[in-house]
Structures are given as structure tokens and as C-alpha cells.
């Protein structure tokens, strides 16, 4: 029980740090002026748009994260096939661009706002500093979680949790003669170690995406600008769907049981709609240009950006491109690089609207 709880404690560290940082700094700022009157600001007309946003983003998020999971039965899209690697590279490019082109610039804008006092917010690059700390903390969580998993399973191999994959392992093991036992055991140890990394990557990546999704949902739910909401909803639908495909691919490779896969997919799908609903409920008291809101969202965005950039570069792209599958084929590398550029380029283009 202690080993299971220690894993949850490690992944709670990031949330504790993110939640305490804003509370320590809001006292050094003053109140910002009220929002200016604008023809686009209409609270009554914004309400149905927000309801549409909740439903549409929920559906597209579910489609995106579920697509890799439900297409596993298709041989061409199994994790060991070339097409899956190319699709995963495309999704990794989307996650990388999300950190660099969406989350990080938003944090820079918020923490450099004229609504904040010049000292200290305009005299120190808090966004870069917090993003750097977030990347280091993500590395610590990544490393410590892997160590805890390894110690937990040091007496036994890490095997797939699904019944189907357990049967495949048992059949493969039974098919090997005894004099091949050592070679087969070594192969299973390597596969178990890789499966261990996939599980840690899936969990850490979900943490970063959830933090980022709640923040953007909260901002949308609190806004009453109907001109910006219309374009933002369409952009967020595409954004959540493709980001969900990247996360779904990681969940698929982690080989969790069905209930755990469903739980991770569920939490990803509902976080942005939950953020919108929370922003809608707090819209009367929550002002997106107030110092408290700017600092809280700015620091959370910077933290999320550091995590997403680290995960995309280190645990997704570098791990795949330096792995044996891509290193053994220059042609496959080129295809994957093109997929990364397409994913990053498409998500960068969306930064014009969201």
C-alpha cells in the first residue's frame, strides 16, 4: 500500500508547487482597472456560446483521446507498426507547439501586463524562470517515479495489464523451449523496462495537459467577449482533438487495464469543459484582467509550458528518434520528421486564433 501511495505522492508534488506559487505573490500587486466597454462584450449572448463550447470541446476531446485506443484492433495502427510511429510523431509535434506557441506566449502576455506593478513583474522574466523550474521539476518527477516503479517491480517483470496482452505474453513464453529461456527472459526484461517508461510518460504528460486545459477553460468561461469566443471555440476543438491523439497514443503504449485507460481518457476529456463551467460560475467575481487572475494563470501557464516542452522533446521525440526502430531506418526518420513539422506547423498556425 505504501508503494502505491508513494507513486501518487510524487505526481502530487507538481500540483502542490503550482497551487502555492500564485498565493505567495498576489499580495504585492494592486487592483487593475475595470474592463472597458466594448460592443463585443455581452454576457447574455456569451452564455449559449459557452454551453456550445462545453459540449463541442467535450466531444472532440473524447474523439481525439479515444481514437488511438479504439483503432488498436487495426493492424496498420498497432504500436509496433510504421504508421503508428508517424502518427505519434505528428501528435508529438502538436504537443511541442502547444507549449511553445500557445501556453508560453500567453504566460508572457499575462505576466507583462500593464495591470501588474512594474516591480517585480516587469523587472524579472518570471515566465522563463517558472518554465525552467517546471522542466527541472518534471525531470525530477520523471526520474523519481521511474525509480519507484523499478523498485516496486524489481522482483517481477513489468507486464501488460490488459488480459489480451497477458495471454499473448503467456503464449509466446510457452512457445519457447527451455534452452531459449535465458534469451527470452532478457527480451521480456527489456520490454518490461520500456513499458515502465511508457507508463511514467503517460501519467506525467496527462498532469501537464490537465493543468493547461483547466487554465484555458477557465479563461474562456470567464470571458464575455462574443467576438473572441466564436473563433476560440473552433480552435480549441481542433486543439483538444489533436492533443488528445498524442496523449491517447501514450496511454495505448502504456498497456494499462481498460478501467485505467478509460479513467485517463475521461479526465483529459472533462478538464477543459470543467474549466469553462468553473469560469462561468465565477464570471461575476472573476475578472480575467485582475492582478490575481493574471498572476495565477500566468504562473500556471508557464509551469504547464515547461512540462509540455520537456515531455515533447525528451520523453516523446528524443526517445522515439533515438530508439532502435527509427535509428534502423533513415527513410522512416525522414517521414517522422515531416510528420513532426506538419503537427508543429498546424498547431502554430492555430495560435492566430487561440
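The backbone N, Cα and C atoms fix where each Cβ goes, glycine too.
Predicted automatically and left uncurated, TrEMBL annotations should be read as such.
Lifted from TrEMBL, the feature list:
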type: SIGNAL; residues: 1-27; note: signal peptide
type: TRANSMEM; residues: 51-70; note: transmembrane segment
type: TRANSMEM; residues: 82-104; note: transmembrane segment
type: TRANSMEM; residues: 124-145; note: transmembrane segment
type: TRANSMEM; residues: 200-220; note: transmembrane segment
type: TRANSMEM; residues: 264-282; note: transmembrane segment
type: TRANSMEM; residues: 302-322; note: transmembrane segment
type: TRANSMEM; residues: 334-353; note: transmembrane segment
Establish whether the number of Cβ pairs under 8 Å between the transmembrane segment (124-145) and the transmembrane segment (302-322) reaches at least three, counting only pairs separated by 6 or more residues. yes
Which sequence positions outside the transmembrane segment (82-104), separated from its termini by at least 6 residues, show Cβ-Cβ distances below 8 Å to it? 68, 76, 127, 131, 205, 209, 212, 239, 242-243, 245-246, 249, 301-302, 304-309, 311-313, 316-317, 320, 325-326, 332, 335-337, 339-348, 350-351, 354
Remote residues contacting the transmembrane segment (264-282) - C-beta distance under 8 A, at least 6 residues beyond either end: 47, 50, 53-55, 57-58, 61-62, 65-66, 69, 202, 206, 209-210, 213-223, 236, 240, 244, 247-248, 251, 256
